[in-house]
Each structure stands twice: as structure tokens, then as C-alpha cells.
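What TrEMBL lists as active site, charge relay system is Ser207, Asp345, His376. Taken from TrEMBL, the feature domain 'AB hydrolase-1' covers 127-382.
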Amino acid sequence: MSAMLETPELPAVFDGVKLAAVAAVLYVIVRCLNLKSPTAPPELIYQDSALARFLIKSCPLLTKEYVPPLIWGKSGHIQTALYGKMGRVRSPHPYGLRKYLTMPDGATATFDLFEPQSEHCIGEDVTMVICPGIANHSEKQYIRTFVDYAQKNGYRCAVLNHLGALPNIELTSPRMFTYGCTWEFGAMVNYIKKTYPQTQLVVVGFSLGGNIVCKYLGESQANQERVLCCVSVCQGYSALRAQETFMQWDQCRRFYNFLMADNMKKIILSHRQVLFGDNMKKPQSLSDADLSKLYTATSLMQIDDNVMRKFHGYSSLKEYYEEESCLHFLHRIYVPLLLVNAADDPLVHESLLSIPKALSEKRENVMHVLPLHGGHLGFFEGSVLFPEPLTWMDKLVVQYANAICQWEKTKSHCSDTEQAVSGQE
């Protein structure tokens, strides 16, 4: 009887449970890290044209397989988290001069100016005018890394510091940056055009900055003068539609919303004396009650409704989002336009990507680039675990800008040749 009880079946059962637990953990890891997802060249949407064919030929990254770090690079969440927490690895420290511009309402716009470190590939003066993401500025690591790389490729860089974003710069007017206010970016561009009358411009915007630069170009045909091209990376195109998806829990967007709202609250509260103090110039609709609501806000939508929209006197949140989105200005951009998103960006819902796709299918000057991986402003590259300092995004933007510069120089040369031949005749 005792011999029958001492069977090896019980340990075998435990071994089976352990094996099942290990298998379950491995399954979760594979799913969370998206390890089964393939690597592939980015999806390209564009009209067949001479410009598009030239870009495909001149920009190998458009048709080359993007390979993120093997262990974690296929997870859009990890790419986004690493960008948000770390920015970049071994980030350089380019030296720039800070410029101050007084706006008509008394606000002080600032931007940092970085001179090129080598001759440009076409031997001409080209300036990148750069608008960072939400609450970002020239001291952010991803901006420093990109600027350093652009400088080494012969570009002068001007980087806008969003109004109120720099911790050591006080507000001089009761107003901060908003989702689509182009005043400060326009002032920076006008300064560059006036100071460097021979320079040509490459316009670059990251995330919220992508919305601002596209809206700025579409607001007026004059804003596109001397602009060679525009590149927008990881923007959402429609603030109204984006915020609706930002309140959903799938892909943890509601959690990201909370984190970004918390950061915005800290920035606004650091300027609360100017924004909410006894200032006759402050918006009449901005009150102490709004400050109380700000303390309890858990989403960007609540902050936008109680504070941000009131800087420019919008009567409703819907009006604010509609008027400040670039959606209604994209079709007015006539310079070459590169719109870059990542399919696994947890902040930009896939439904929003129908906007750049539809535009790219109709306009010859527009190309939409959609890699499978990259997260939100991540786009890290690396072999297994450790990412490289330079990202796929950094290289693509510079490579595209170089190609456009070559294209414009070729067109100019052909035009000069035709005029010379016509003159001889």
C-alpha cells in the first residue's frame, strides 16, 4: 500500500506545471516584444513622378529594410519609452547661440542657432529650421543628436524652443505654446531669411512640431518662399481625431495621455505667476478656477479645455482643435513634403494615418513613409540589445534633404542650360 503511494507521478505533475509556466512567460514575452513581427522596408505611398523616381533612387533608406534592435526594437512601446526616458544614447553636445525675439504681444520667442561643420553636398547655403515635439526644445537629446548629424552634413540648424518649455527662460507674456500656434516658428524663419538672404530652407517638424510646420507652410504661399522641402515625423494630423483616440485604453494611449498631461501640468505650474497672477494682459477667460481645474486634470484634453485654448480666445475645445490642426492646410503645401509615421506608434492611432495616405495618393509633391517599427520618435537601430547613437529617423531626414537639394540643383542647371541655348539661337 505504501509502495503504491510513493509514485513519481506527483513530481511529474509539478514539472509539467513548471514547464507550462515557463511556456506562458515566454509566450507573453514574445507577444509583448512583438518578436514574431517581420522586418521589412517601409511602406511608401506616392504618385509616380520624376521627383518620386529621383527620391527612390537617391534615398536608399526608403527602400532598404529597417532593422530595429533584435531583443526589444519591434515593440513600439519600448521604442517610445526609451525615447521619452533616454532620448538618445551617447548624445553629442553641439554648440549653438541662443537668439531672443520679442513678439507683438510681449512674449519672448527663443531659438538656438547652430552653424554647419562642413560644406554642404551641393556647395550652397542651406538651413534646417526645426520645430521639436510637445514641450520640447533644443536641449533635448534627440534634437541634439539630429542637429549634430545635420551640421556634419553641411546644414545650418535653427531650433525653436517652445514658448515656456525651457526651464531657465521666464515667460514675458501670459501665453505658452499651443498645439498649432505658428507665431514663434514664423518669427524664427523670418529672422533666418533676413539674416542669411542667400540661404535656402529645409523645414523639419517632430510630433507636435510636425503639425506646426505643416500648418505654417499652408497658411500662406509666402511662407513657402525659399523653402526646398518639408519633413514631418510622427505627427497626428488632426488634433480633434487624435484626442478622441487618446482617451482610449487600447495600446495604453490613455496611460500615455496621463503621463504627458502630468508633464504639461508641471510646465504650466512653473509659470503660474505669469499665467494666473494679477496681470491685466492675461486672457479674460483665464481665471483662478481654471488653475484649480488644472491641478485635478488627468488628460491633455482637460488641460487644453481649461487653459491652452484660452491663450488665443477659442470659445470651445472643438474650435481650438479644428483651427490649430494642419489637416486643413496640407493641400496648400506645394514644396516637396515627406510625411513619416511608424505603424506601431502607440500615440498615433492607425485611423489617423488615412490622412497622409489619402494626401500622398493625390499630390505629386507628397510622399508618405510608414515603417513597421519605430514607435513614437524612437526609430532606434542596433544589432541585438544596445542601440546606436544615430537613428534611422536622423539618417532618413538628412538623406531626403540631400536628395531634394540635388534635385533642385539639377533643375536649376537644366534651366540655365536651356536659357543659354535659347539665347544662342
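These residue numbers are counts, starting from 1, taken along the chain as shown.
Any Cβ shown, glycine's included, is placed from N, Cα and C.
Remember, it's a predicted structure, so these values are computed and weren't measured experimentally.
Shown are the active-site residues Ser207, Asp345, His376; of these, the residue with the fewest other Cβ atoms within 10 Å is Ser207. Taking the Cα atom of each, Asp345 (active site, charge relay system) and Ser207 (active site, charge relay system) are about 11 angstrom apart. The distance from the Cα of His376 (active site, charge relay system) to the Cα of Ser207 (active site, charge relay system) comes to 8 Å. For the domain 'AB hydrolase-1' (127-382), the model gives a mean pLDDT of 95.
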